[in-house]
Amino acid sequence: MFEEIPTARPDTPLLDEVNSPADLRAFKKEQLPALVRELREFMLYSVGQTGGHFGAGLGVVELTVALHYLYNTPEDRIVWDVGHQAYPHKILTGRREALLNIRQENGISGFPKRDESEYDTFGVGHSSTSIGAALGMSLAARQLKTGRKAVAIIGDGAMSAGMSFEALNHAGDVKADMLVILNDNEMSISKPVGALSSYFARIWASKTYDNIREGGRKVFSGLPSALELARKAEEHMKGMVSPGMMFEELGFNYIGPIDGHDMDHLLTTIANLKDRKGPQFLHVITKKGKGFEPAEGDPIGYHAINKIEPDPKPNVDKSKLPKYCNVFGKWVCDAAEQDDKLVAITPAMKEGSDLIEFADRFPERYFDVAIAEQHAVTLAAGMACDGIKPVVAIYSTFLQRAYDQLIHDVALQNLDVLFAIDRAGLVGEDGPTHAGVYDLSYLRCIPNMVVMAPSDEDECRKMLQTGYEYKGPAAVRYPRGTGQGVDIESTLSTLKIGKSRTLRTGQSGIVICGFGRPTYDALKAANTLDATLLDMRFVKPIDEETLLTHRDAKLIVTVEENAIMGGAGSAVSELLIANNINIPTLHLGLPDQYEEHASHASMLKRVGLDADGIQKSIELKLTHL
């Protein structure tokens, strides 16, 4: 058990010999426990150097070693769900040194990524995709007769999503040759029932039991009543000591629960399941943060950590600035005090969306639906139908998963639902899988929807209240990180729908339209260029009246932290075209490509959305007028 994150690189003589799983498979089984300890210690050290997710990874060290030891990777396909648990996998697959730059600019991704390594069989970041992807690989192997094996590793939280059960149902129906491993690190499905459960897990996974069962089916195939009696006896015995009957009903052979930190048990069980025909389901119990005492005691707090600084010198001013999620957390509590019809709904984002205080103060009005974004939106729609005022707190990247429900269940019926959309824009080290850079595009095309983008924390609070009081669906998209340091009104005041504000009036004939966070960087450019700056506030409805007063402008510039295609800039151009106004325009935003992980500041500079980049782009455009 480690009590501290090592700041000096540990000695790892066994791990140093592993540059690929082929090297691992040359080890004797007796060496694996020592390798596991070295792997866990190196992972602690490396994440301490860079920051990143490590709680889930610490919990699957033994499982990762067992899988790469027994399967012929990369020929056999191992698919990790979400990817938070894949750090040990990266270390064992030739990226040990690269882990020291994980999530850094030009470093490796924090998630499995197909173009990074042949061992990363499926790119992930969002949850609950592993079973469906592994099933697809299993069926491809069947059709192409490659003999490849497919394994999906999924956490108990991700198992709550409907997509997981859709894939399980299909896999059972087509009798796919695949193994699904449930990494249960919260014991949210069921606790193992002591020694009896462990004993039967070993028996059910054994080839002897499998042969007896198949032989019995053949012998009694002509005696339906006897076969049915045997099946029921097996079900009743499993049901006494096993939580897995649900998976059996879906067509899987369920094994477990077993101790995910018992290497001998893992090796024996997985080896027995590896060559079985048909869908297999292995339930392993692990400890999130295993081997690191603080993480075992606080698995949520240690889900991810920041870089360990040897001599930390915090920026005092920056630390005092509220994060946008904190602005939301304060507003939703204040609004709930004033209106007992307000409820908060979130798909497993209680901490990230800052709903901890709300859940404590208003437990009967707080609904965490787990990783079920589609259900979260339709649940809100149902509540709104009968007089409740739901606030859906959700990350921009995850709202994409509920787009049909957003249109069909909420907007089409013009229901009073407020979407508090966090992590809008670029999200730094989490990279393209978590970037919220499409919401302005996919929201503004939906009828009845009001779409707002705050430039600072006070605007964010006002927009949340505006959206809450609006009769119909409304969305406020706000970024990750801290605000601008402006004073925040304590009252629950609102804004006029579709009305911008002028932050600066210039004389150069340049009009800059800022949407959301980039507005303050645009202000710096506006001061240099003597440009007029509009904080547009509303992407939909756009402030037509104000924009049309600038029909004689030399250049209209739009700035947004969203995809340029179909975004806020497109809304401005559409307005100008509809009114036969021929003014040169410049749309600054995110190009038609995925932006790789880096610090947020580096990403803004890369795409030209920092103050200097905005100014240079405008100056370049002026040279072509």
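Count begins at 1; order follows the chain as displayed.
Heads up, the Cβ atoms here are built off N, Cα and C, so glycines get one too.
Straight from Swiss-Prot, the features:
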BINDING   His84, Gly125, His126, Ser127, Gly157, Ala158, Asn185, Phe292, Glu373  thiamine diphosphate binding site
BINDING   Asp156, Asn185  Mg(2+) binding site
- Task: With a 10 Å radius around each C-beta, find which of these binding-site residues (His84, His126) has the fewest other C-beta atoms nearby.
- Result: His126
- Message: Quick check on the binding-site residues Asp156, Gly157, Asn185, Glu373: which one has the highest count of other Cβ atoms within 10 Å of its Cβ?
- Response: Glu373
- Query: What Cα-Cα separation, expressed in whole Å, is found between Glu373 (thiamine diphosphate binding site) and Asp156 (Mg(2+) binding site)?
  - Reply: 16
- Message: Whole-number answer please: how many Å between the C-alpha atoms of His126 (thiamine diphosphate binding site) and Asp156 (Mg(2+) binding site)?
- Response: 14
- Mapped onto three states, the DSSP assignment of Asp156 (Mg(2+) binding site) reads coil
- Item | Where His126 (thiamine diphosphate binding site) sits in the secondary structure, as DSSP reduces it to three classes | coil
- Note on the structure: Per DSSP (three-state), His84 (thiamine diphosphate binding site) is helix
- Item | Reduced DSSP assignment, Glu373 (thiamine diphosphate binding site) | helix
